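Asks: Below are the features I grabbed from TrEMBL:
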ACT_SITE  His497  active site, proton donor
ACT_SITE  His541  active site, proton acceptor
BINDING   Val97, Thr101, Val233  FAD binding site
DOMAIN    95-118  domain 'Glucose-methanol-choline oxidoreductase N-terminal'
DOMAIN    270-284  domain 'Glucose-methanol-choline oxidoreductase N-terminal'
Amino acid sequence: MPAERGSTFGKHYGTYDFIVVGAGSAGSIVASRLSEVEKWKILLLEAGNYDDDLTDIPYIYRVLQLSARNWGYFTVPQKNGLFGFKNHQSPYIMGKVLGGTGTVNGIAYLRGNRGDYDKWASLGNPGWSFDDILPYFKKMENFQSNNIDLKYRGFGGPLNVAYKEPKEDLSRLKSLTTNLGIKYIEDYNAKDQIGFSRSQKNIQCGKRVSGATAYVRPSMQRHNFNVTLKSLVTKIIIDKSTKTAKGVEFVRNGKKYRAFAKKEVVISGGAINSPQILMLSGIGPEDELKKHSIPVVKVSPVGKYLKDHYSFKVYYRSNETIPLKSFRELLKEYIQGRGMLTNLDNTLTYTFINTKNKSSSVPNLEFVLLGTTPVPNVIPQLSNYIEKIDQFNSKINEQTDYAIEVYILHPKSVGTIKLKSNDPKDFPLIDTAIFEAPEDLQLLYESTEILSEFEKTDFAKALNFTRLDFEFCNQHERDSKPYWYCAIQHLADPTYHMSSTVKMGPQQDPFAVVDNKLRVYGVKNLRVADCSVMPSTISGHNNAPAFLIGEKAADLIKADHGIPVETGICC
């Protein structure tokens with residue numbers, strides 16, 4: 001394991017050209033790409049520890065979320081949902097480890113839709129349209145497929161993308177087309193997204209691929225690249241007279257340090273930590289800062305525009321039974337680069353549709369079909385369910401039961417991140433505001449009509465699907481609107497796809513914190529590069545756009561400091 005460098009600086013941790021805070025999917029890329037410039041000295045600070053052999057195993061990601069590799073956040077109590085959770089609070093997973101959330105998440109690789117990024121540009125963010133960002137997706141990808149559309153996909157980058165192996169025989173799902181009119185598409189990350197397709201993951205040779213494995217570790221031996229772990233950044237050092245970021249303060253092993261940046265500080269803490277760090281540094285809503293006795297450096301709408309996806313899962317008992325395999329057998333297969341542990345889960349397909357506008361190329365719902373699994377149902381997972389939900393979950397048998405998880409891709413509800421106190425060790429207050437907008441609850445309810453149609457397909461009939469009852473809602477007539485509302489408000493939860501808490505937008509946008517080059521308004525030499533800057537949600541999961549933002553940010557920074565970047569990509 002590479003040694004950590006720079007541990008002998010004492011309280012003054014040195015002066016660098018750039019300091020990057022957070023080694024998540026975006027921060028890993030920003031720091032690694034900047035270290036390509038030999039004359040620049042880069043410091044990458046991460047609150048967590050190294051990734052390891054355990055984090056390599058895709059299937060056990062839920063175990064990782066129970067460990068110190070996860071920050072351990074919870075939402076604040078919710079008024080309109082999370083009724084099946086104790087105190088109406090859900091765990092919120094964010095990685096605290098080299099590679100960040102990309103080291104503990106579901107590694108689903110879904111870029112989103114052309115329309116998502118064109119919307120970003122139309123909101124006043126030039127340089128972020130689909131045509132602008134497509135070269136970055138292609139640059140970072142190494143797509144493992146025999147059928148690559150070279151107009152849309154890349155195959156020489158550091159980030160491996162692969163289909164689940166062995167590939168599922170989707171011929172048995174042809175009834176999705178014949179019965180429901182949902183077409184099969186080869187690649188939802190290419191031209192078309194509407195339809196159903198196999199899942200793509202960040203996996204290589206059966207192991208997880210993250211910002212840590214693809215970017216940081218291959219770069220760590222560079223003489224100009226200092227990766228310092230177990231370091232909690234507590235504040236950005238800002239010259240108040242010039243409103244210029246000069247460095248950061250952080251705590252490591254109980255000792256306080258200060259590191260300085262000659263050029264820029266880049267905050268890549270993610271959609272929870274980035275707004276917290278900004279507010280602790282005096283950048284945020286004036287009332288929030290004064291409430292916690294934090295001197296105001298710059299009044300800014302930090303944390304005021306939290307967006308997320310919400311999801312809800314339905315289970316079906318089938319006539320199929322997959323024989324269990326022992327952990328010894330599963331591990332043997334994993335060592336050989338095959339078997340269930342090399343896959344993230346039992347995902348069969350992703351389906352994207354728009355229920356409001358059949359002719360739209362931008363989906364509003366995502367359906368994930370999950371099949372049976374030979375893995376013993378003893379792997380623990382993070383939860384905070386009340387007793388009656390635990391009782392319901394105990395009846396699920398993954399050797400016989402299928403499931404469909406439905407995601408709202410563009411919810412109307414808007415949440416917030418606020419400080420609990422001015423103590424950096426206190427977790428911020430995370431309000432995902434689930435179903436604050438009634439339209440979101442209604443849309444999930446409307447998705448059950450599609451589930452009802454799915455139950456009539458040849459595929460479902462062949463497996464003799466029987467939907468598991470939500471017994472905790474049996475006070476309502478089965479399949480009535482109150483029944484489904486009850487089930488959804490008990491079980492639906494945020495999907496850990498948080499964004500927009502440090503929103504990118506033009507200065508006149510009342511929620512914008514950074515400009516289209518990710519520079520914080522009103523403070524020089526300070527940028528934010530992670531999913532917190534996303535102007536709106538995407539029609540997919542946040543893993544791919546997090547990598548994208550890292551790649552784009554690195555080029556924006558290089559260009560602003562006179563370093564040539566690839567012609568036609570930036571800036």
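Quick reminder: no glycine exception, Cβ is built from N, Cα and C everywhere.
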Asks: Using the alpha carbons only, what distance in Å do you get between Val97 (FAD binding site) and His497 (active site, proton donor) once rounded?
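Replies: Given the Cα positions, Val97 (FAD binding site) is 18 Å from His497 (active site, proton donor).
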Asks: Rounded to a whole number, how many Å is the Cα of Val233 (FAD binding site) away from the Cα of the residue listed as 'active site, proton donor'?
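Replies: That separation, Cα to Cα, works out to 23 Å.
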Asks: Of the residues in the domain 'Glucose-methanol-choline oxidoreductase N-terminal' (95-118), how many are helix, strand and coil by DSSP?
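Replies: The domain 'Glucose-methanol-choline oxidoreductase N-terminal' (95-118) comes out at 9 helix, 3 strand, 12 coil.
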Asks: For the domain 'Glucose-methanol-choline oxidoreductase N-terminal' (95-118), would you mind checking the mean pLDDT of the predicted model?
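Replies: Per the prediction, mean pLDDT sits at 96 for the domain 'Glucose-methanol-choline oxidoreductase N-terminal' (95-118).
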Asks: Could you tell me the C-alpha distance between the residue listed as 'active site, proton donor' and Thr101 (FAD binding site) in angstrom, no decimals?
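Replies: With distance taken Cα to Cα, Thr101 (FAD binding site) is 10 Å from the residue listed as 'active site, proton donor'.
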Asks: According to DSSP, does Val233 (FAD binding site) fall in a helix, a strand, or coil?
Replies: strand
Asks: Does Thr101 (FAD binding site) have same-chain partners at least 6 apart in sequence with Cβ under 8 Å from its own Cβ, and which are they?
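Replies: In sequence order, Gly24, Ser25, Ile93, Met94, Gly95, Gly270, Tyr496, Asn543, Ala546 meet the Cβ cut-off.
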Asks: Just how many other Cβ atoms lie inside 10 Å of the Cβ on Val233 (FAD binding site)?
Replies: 27
Asks: Determine, from DSSP, whether His541 (active site, proton acceptor) sits in helix, strand or coil.
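Replies: The three-state answer is coil.
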